[in-house]
Amino acid sequence: MWNSHESVYKIIKPSEAYHAFTPPQSAKELRDRKVDEITLRLKQTMRLKAAATFGRPLGSFRPSARNFLRKHSKEPQILYGAVQLRCTKHEKRKPDLPKERPTYGKVKMMDYIKTNAEQMIHSSPNRSKCPKKPKRYALRRGFATVPTYLASRMRTLTNQNNKDNLEQQAADCGHKGTRKLDEKERITLMNNLKLKWADMNARYQRMSVVLDIESKKRRKERYEENLSQLERDIALLSRSVILVSDSVPAKVQKALTQ
Amino acid sequence: MSVRPLPLQACLGFGGTVANGLILHPDKKTLIYPLGTTIVLRDRGDLTKQEFLQGHNNQVSCVTVSRSGRYMASGQISPMGFSAPIIIWDYASRKLVHKLILHKVKIQGLDFSFDDELLTSWGGTDDCKLVIWRTKTGEAICGSPTPVDYAIAAKWANLTRNTLITTADMKINVWEVDAENRKLYPSICDTGKRKRVNQCVVIDDKDEYMYVGTRSGDIMQVSLGPKMYRAGGPLPMIELGVLCLQFTPFKDLVCGGGDGTVNLVRLPSFKNVKKLKLQGGVTSLTVAGQGDRGSFELYAGTAMAQIYLVKYDGATNAMTAMLIQRCHFNKINDIAFPMKYSDLFCTASTNDIRMWNLKEMKEILRIEVPNSECEAKDSLNQECHCCAFMPDGKTIISGWSDGRIRAFAPQTGKLQYTIVNAHQKMGGYVGAVDTKCFQGVYAIATTSDSLRIVSGGVEGNVRVWRIGSQSHSMLASMKAHTQACTYIAVKKDNSECVSCSNDGSCMVWDLTKYTRNNSIEANNFFKSVNYHPDESQLLTCGTDRKITFWDAYDCQPIRVIDGSLSADMLSLDISPDGEGFVSGGGDREVKLWNYDEGHCYFVGLGHSSKISRIKISPNMQKVVSVGEDGAILIWDYKKPISDSPPDKNVNFKSPNSPE
């Protein structure tokens, strides 16, 4: 039997039976599908988070040739000299890049001597260091000093706060009376809100188009209200830094006491 | 029990050698062309829509359609000394109107007058007659001998019924036809020094000039009034002569050359503005349609049996050809079906093997093997005698006249392997000038496991070849026949094979021990041998015109029936269910027989020469027959049983049998 991949029986292909044809998706269906996908992914991530106590995820135990134990790697690292440890969280962000494209090739002719002269002529001397005549109220006794009752009160408060939230304060970069919302907690909250939004939105989408009875109208209004509220909340939570105050806000406090 | 006609389902073929044989009917829907003894009416777009006009008993030599499209006429070639009839057909009803018998041996051509009233016919070299007929009644009005140099072409004038032109060797005649008084008055045109063989002629619309195509390759413009030569061209001349001429819709000439070119010749300058090469000499041209700015379409039929649609674009002066039908142009030797698969089959002819789709009747693959011995690579003395499909379908094997077995891949047609010197008489080379008669593979068969090939050669040897995955070798060479082995059939379990030979013997061979088991002797050139599907009987046919049934075990004759009364039987094939068999031979009849009764129920007429091979498709739907005229005819297979209802008077029970 000669070895060949050709065959007589392959030349004429059997006529194809009618196969069902699905029309391409409309824009709305495509959008819904995308929303569904996102929701599903979110749910899965949430589920993973919930089961995160069952060890490390699959595949993370794959051996790596780079992560071997190195010499002295378990000893504490000592930093010599004045090493400044800075909090980078409040570093000022650089301004955004200009949106307009810079125009190249335009050369501004500048006479530095003249401009300097002009600046010097129009400038006024710095008199900030000069002694001013103090205002009358500033001459009163006890001006610019903290009253003793307040000082003692503040001292007690600070002592108390220092005792309570010493570590917290360090973590929250020193904003008093607040704590920063934990990143994980924030994301969990936001994801749950999103799921809730997806569920609510699905219900809202499933509503009939014709609003013939009063209850339907009310339901629709309620859904819209809830959805907008959820969107607002999600927008709020999607900030990078969220500070949560420990004390009750003044308005609420007032309402509570009344 | 009467013999019924076997319905012809389709034809693959085109009688390309008939001059002006391809005609587009004036309704522009049907192509008309001769094929052997039949005339095929084919739908212009769809190859599978075919109708056949059958009435001639020999090869059709000319076809023509009247100007209005109402009548068709066709003539034929007869054996020497016999009369050759002309048939006038009614086109609309496809019926024979008149059968006109006056000419002998060959009708050279036919032409209707412009109003369909008169028909002229002129005979070939052995007849040399010109006859005018009345179309409606079929009576001969008048005639004249055209002595010595017979008329090659003739044409009626376009406006009058009184003028007829015939062209011949060195001669152009204008005949004045007086139909009332039954007279013909010839007058010769003066062409000066130009002595030509005038092969074809057309006349312009106003009957002012005729244009005569010559074998020298130029066209002469001759006036009909003063009967004088006026102009000629083109230069350089068309090689191998002008075979056909036709007016384009824009009053230019288009001519087909013997070298296979379609030439557009502008008038009156006789400038050859465009030339397109086709395969084979262009023997017929027919205009199909016209476009704007000088564009037109025409059909061209060539001597290599190809039909092209040629498109000319006048704006860019570009000519393109599209091949719309192709088929064998020469003798076909063998047919093969793949095992238990009826959708396609292959045919073996001179120089090539072609594979055909049976349903769409289209050529799928053509494997051409150029001749290696002759210096002219396209010469026709290379011949494929037999072909077969390996049962696994991976190979087409074929036996060739140069003594080689060639195997081809069925999808790409690539050569897979060649068995060189498969059948060659040893010592044939020693001192011999012509070794050709000592080589050639005449029969080939495969075993059902695709591991062995059994081949029979011209010298009578039966050889068995082992086919491995990458190699092949000879297992045995069995010598008992003294002349060419013509056919081989293998048993289904590969234990035995039977070969038949021209020396009057059939041999049964053991394919395990490679010895002879048994033999049949008869006073006959055996041409074909087949096992009945249950392998208990053998069926042979040969030049003694008999079909003989033999016992497969002891090789004793069981029954002899007359296959034909006139000519030799060349091929037979038994249907897969064993109920019927078909036979074909020199009498050109396809016969379908009942196996058990030995009675012929159907006869199919359509071949114009010897049927060389006949096969029933494995699904028993079709019968395919091929002949030496190059036509492949596909017939519907019918159950070989009587169509008359069973006789009511016959009592199946004997009178004394209990109720």
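Every residue gets a Cβ built from N, Cα and C, even glycine.
From a predicted model like this one, the values you see are computed outputs, not experimental measurements.
Beyond the ends of the repeat 'WD' (B:441-475), by six or more residues, the same chain brings 339, 385-392, 394-395, 397-401, 403-405, 417, 419, 422-425, 481-490, 492-494, 497, 499, 501, 503, 507, 509, 511, 514 to within a C-beta distance below 8 angstroms of the stretch. Feature annotation from TrEMBL assigns repeat 'WD' to B:441-475 (among others).
The repeat 'WD' annotation in TrEMBL covers B:478-519 (among others). Across the repeat 'WD' (B:478-519), DSSP assigns 0 helix, 25 strand, 17 coil.
Within its own chain, the repeat 'WD' (B:528-551) has Cβ neighbours under 8 Å at 486-489, 491-492, 498-500, 506, 520, 522, 557-574, 576-578, 581, 583, 585, 593, 595, 598, counting only residues six or more beyond its boundaries. The repeat 'WD' annotation in TrEMBL covers B:528-551 (among others).
Same-chain residues lying 6+ beyond the ends of the repeat 'WD' (B:571-603) with a Cβ under 8 Å from its Cβ atoms: 1, 3-6, 37, 527-528, 530-534, 539, 541, 545, 547, 549, 559, 561, 563-565, 609-616, 618, 620, 623, 625, 627, 633, 635, 637-642. Summarising the annotation, TrEMBL assigns repeat 'WD' to B:571-603 (among others).
Positions annotated as repeat 'WD' by TrEMBL: B:604-636 (among others). Beyond the ends of the repeat 'WD' (B:604-636), by six or more residues, the same chain brings 5-13, 15, 35-38, 52, 54, 58-60, 305, 327-337, 339-342, 345, 347, 349, 356, 358, 361, 567, 570-577, 581-586, 588-592 to within a C-beta distance below 8 angstroms of the stretch.
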Under DSSP, the repeat 'WD' (B:528-551) has how many residues in helix, strand and coil? 0 helix, 16 strand, 8 coil
State the mean pLDDT for the repeat 'WD' (B:528-551). 92
